[in-house]
Amino acid sequence: MAPPKNYNSIPAFHAKLQSARRILAVCGAGLSAASGLPTFRGPGGLWRNHQATDLATPEAFEDDPGLVWLFYAYRRHMALNVKPNPGHHALAALAEKVPGFLCLSQNVDGLHPRAGHPPEQLRLLHGSLFDIKCNACGWIQKDNYDDPFCPALAAAAEDVNPGETLPLLDPSKELADIPRQEIPPCPQCDRGLQRPGVVWFGEPLDEDMLNEVDSWIDEGEVDIVLVIGTSSQVYPAAGYAEQARGRETSVVTINLDAEDEVRRLRSNDFAFAGDAAVLLPKLLEPIIGTPVTDGTYA
Ligand code: BJW
Ligand code: ZN
């Protein structure tokens, strides 16, 4: 099928945006790529010969909690050492200007909150690298920024000179086993280990949060759904664009690969191919204005 006329026209999108009252965003790892964080399924999705997605399972943690913790301790270290990019700032500014904007993010890197996104307009579908929970009981600790998380994970917090490879990342270097006993135990029960507060494959997302998202979608017609930097392969996140689609809704894909989508677009839809950190400030400019310094908004 031919793509809709104007599917990649910024002025045509601006016309739709000017009258939009309810906007939903569904974000993925591509949003944080410009900050320097690797995506899951693209280049960099491999960590020491392991697919990043193979380490994101409760079975992998049961099998080798030390290895899974090293992966997450390294991700915490990287996330703490990068900054939110103009894409995160543009979404935070949109939230300030449009009360009917809700941002759903699959990203666990803490960059939306650090960009000042109002918490009531943000739902972190897959949790946060900076929450710690028990793998056996309901214990949870918010906002833990310890780096390294514990002494046994010190290798994940090493800094190297530019051009050098961190020994931890070099598959030709032997990785010391981290015994289970060196992972901090749960302070509340005598059975569990502390683990990252993220949602792994096969685990349920927070039920209250899912109910809130469903209620928000049901409250009225959603004018625009922004699908930003996600491969839309993981559910339930991948289902929200269609769930929120009404008669006049525009689903707007913002992705390096957006041109691959154009044959699937419906008549009101848009697709913008490129870096979300560059596109979002331009696409949202009629509402949020132009950035002041460092991609931030006044
Ligand atoms: C750029 C860019 C730039 C690059 N600018 N763009 C229905 C059908 C089939 C299966 C299921 C279903 N419902 C549920 C399932 C099972 C499963 C699932 O979805 N499987 C699929 C793989 C088929 N879902 C689950 O298990 C979920 N749980 C669940 O449903 O529970 C139900 C239940 C109920 C009751 C009891 C028990 C269970 C949980 C899913 C959790 C996913 N977790 C992870 C790890 C989180 C922790 C961590 O970060 O390590 O979440 S997996 C990983 O994938 C991570 C991500 O958030 C997620 C999505 O990845 P994302 O963000 O899309 O990244 P990429 O790399 O895939 O894509 C990046 C994109 O950016 C690309 O398109 C690039 O082109 C683009 N890009 N640079 C713009 N600069
Ligand atoms: Zn516990």
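Each residue, glycine too, has its Cβ placed from N, Cα and C.
Bear in mind that TrEMBL entries carry predicted annotations, made automatically and left uncurated.
Taken from TrEMBL, the feature active site, proton acceptor applies to H126. Taken from TrEMBL, the feature Zn(2+) binding site applies to C134, C137, C186, C189. Taken from TrEMBL, the feature domain 'Deacetylase sirtuin-type' applies to 3-291.
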Original post:
Taking the recorded positions H126, C137, C186, which residues show a Cβ-atom distance to ligand 2 below 6 Å?
Top reply: C137, C186
Original post:
In which DSSP state, out of helix, strand and coil, do we find C134 (Zn(2+) binding site)?
Top reply: strand
Subject >> Alpha-carbon distance [H126 (active site, proton acceptor); C189 (Zn(2+) binding site)] in Å >> reply: 24
**OP:** Using the recorded Zn(2+) site (C134, C137, C186, C189) as reference, state which further residues of the same chain have their Cβ within 8 Å of the centre of those residues' Cβ atoms, listed in sequence order.
**Re:** N135, A136, G138, W139, P187, Q188, R191, G192
**OP:** Taking a cut-off of under 6 Å between Cβ and any atom of ligand 1, tell me which of the binding-site residues C134, C137, C186, C189 pass.
**Re:** none
**OP:** Which residue among the recorded positions H126, C134, C137, C186 has the fewest other Cβ atoms within 10 Å of its Cβ, if you could check?
**Re:** C137
**OP:** Take every residue in the domain 'Deacetylase sirtuin-type' (3-291), average their pLDDT values, and give the whole-number result.
**Re:** 95
Original post:
Which one is it: of the binding-site residues C134, C137, C186, whose Cα lies the shortest distance from the Cα of H126 (active site, proton acceptor)?
Top reply: C134
